[in-house]
Amino acid sequence: MKFLAFLSLLSLVLQKAETASLLGEREREEQSPEEGDTYASLYVGNHTLSIEDYNEVIDLSNYEELADYGDQIPEAKISNLTLPTRTSPTSTVAQKTLSPNLTMAVPTTTGLLNSQSSHGLPTCLVCVCLGSSVYCDDADLENIPPLPQMTTYLYARFNHISHIQAGDFKGLTKLRRIDLSGNSISSIHNDALRLLPALQDLILPENQLAALPVLPSGIEFLDVRLNRLQSSGIQPEAFVALKKLQFLYLANNMLDSIPGPLPLSLRSLHLQNNMIETMESDTFCDTGEHRHERRQLEDIRLDGNPINLSLFPEAYFCLPRLPVGHFT
């Protein structure tokens, strides 16, 4: 009996040992790396990555702190919606109905086309208005047409204008040049020009003027050639107050003397073809001051006059050059 029990116990031990050996072989086969198995050993460059590295435990508890995406998510703004107020039909009608006391304003034009010329037409239909310049040349005008307030340059040459009235240029504070060449102007009112603060150039050749009006102090260029101007028609000291006068052209008139005194700003004086026979010793120079010089006055024309310039040698000592004229 004991022998049979020993044999049965031995067989059980052998079965368990065989079973354990088979299980060990299976486990070794499963754990042994096969050829081409990329999961057993990964070669990346000079580094070998093993599956065992993936056994590292990663703590995900602090991911919320490490990656805070709150700034990238736009904040939703909630605003209150206001419902449109209901308007009654009577209020709508009241808004659309005009008051019977209201009158529609008619636009006024104070610009170029609002001024009427002597032909009964707007000035800028008879003349040509370009910017602030008005061109009325050869337009059969008999007087100065009403001009736009912004007029800076006026050209009304070769017309039939005979008189300049006191209000012809009223309010034209920006008027810088007036050219009335080739008209029939015989008189200019004393108030027509003197109140023009910006006037610099006054061009009046080929007219019938016997006298000069009062001139504004800002005049720089004065051309009154080919008129009927007489010495008696020029007021005493008419030019001395013109501190900016540089060019004075009085040729081809009826002057019998040189008008003076002349402003120190003068650069050019044309008096040819008049009736001048004599001059004062201080016409150009201050005889009381022998160091006096007038370097700017380089152009004096007295040719075409009966005066003998050699009779007045003391009259030229301050000039940079002698006048042009008769010396014998």
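Every residue gets a Cβ built from N, Cα and C, even glycine.
The annotation disulfide bond is assigned in Swiss-Prot to Cys285-Cys318. Neighbour count (other Cβ atoms within 10 Å of the Cβ, all protein chains): 18 for Cys318 (disulfide bond).
When pLDDT values are averaged over the domain 'LRRNT' (112-149), the model yields 83. Residues or ranges marked as domain 'LRRNT' by Swiss-Prot: 112-149.
Residues annotated as N-linked glycosylation site in Swiss-Prot: Asn46 (among others).
The feature N-linked glycosylation site is assigned by Swiss-Prot to Asn80 (among others).
For Asn101 (among others), the entry in Swiss-Prot reads N-linked glycosylation site, with the evidence type sequence analysis.
Under the three-state DSSP scheme, Asn308 (N-linked glycosylation site) falls in the coil class. Here Swiss-Prot flags Asn308 (among others) as N-linked glycosylation site.
The feature sulfotyrosine is assigned by Swiss-Prot to Tyr69, with sequence analysis given as support.
The list of residues near the repeat 'LRR 1' (150-171) in space but at least 6 beyond its ends in sequence, with Cβ under 8 angstroms from a Cβ of it, reads 127, 132-144, 177-193, 195-196, 198, 213. Look at Swiss-Prot and you will find 150-171 tagged as repeat 'LRR 1'.
Residues annotated as repeat 'LRR 2' in Swiss-Prot: 174-195. Same-chain residues lying 6+ beyond the ends of the repeat 'LRR 2' (174-195) with a Cβ under 8 Å from its Cβ atoms: 132, 147, 149-168, 201-216.
The feature repeat 'LRR 3' is assigned by Swiss-Prot to 198-219. According to DSSP, the repeat 'LRR 3' (198-219) comprises 0 helix, 3 strand, 19 coil.
In the repeat 'LRR 4' (244-265), helix, strand and coil residues by DSSP number 0 helix, 4 strand, 18 coil. Per Swiss-Prot, the feature repeat 'LRR 4' maps to 244-265.
Residues annotated as repeat 'LRR 5' in Swiss-Prot: 266-286.
The repeat 'LRR 6' feature in Swiss-Prot is assigned to 296-316. Here the repeat 'LRR 6' (296-316) has Cβ contacts under 8 Å with residues 246, 251, 262, 264-285, 287, 322-328 of the same chain, all six or more residues outside its ends.
Positions annotated as signal peptide by Swiss-Prot: 1-19.
Remote same-chain residues near the repeat 'LRR 5' (266-286) are listed as 225, 239, 245-258, 260, 292, 294, 296-307, 312, 314-319, 324-325 (criterion: CB distance under 8 Å, separation of at least six residues from the stretch ends). Its Cβ placed at the centre, Cys285 (disulfide bond) has 19 other Cβ atoms within 10 Å.
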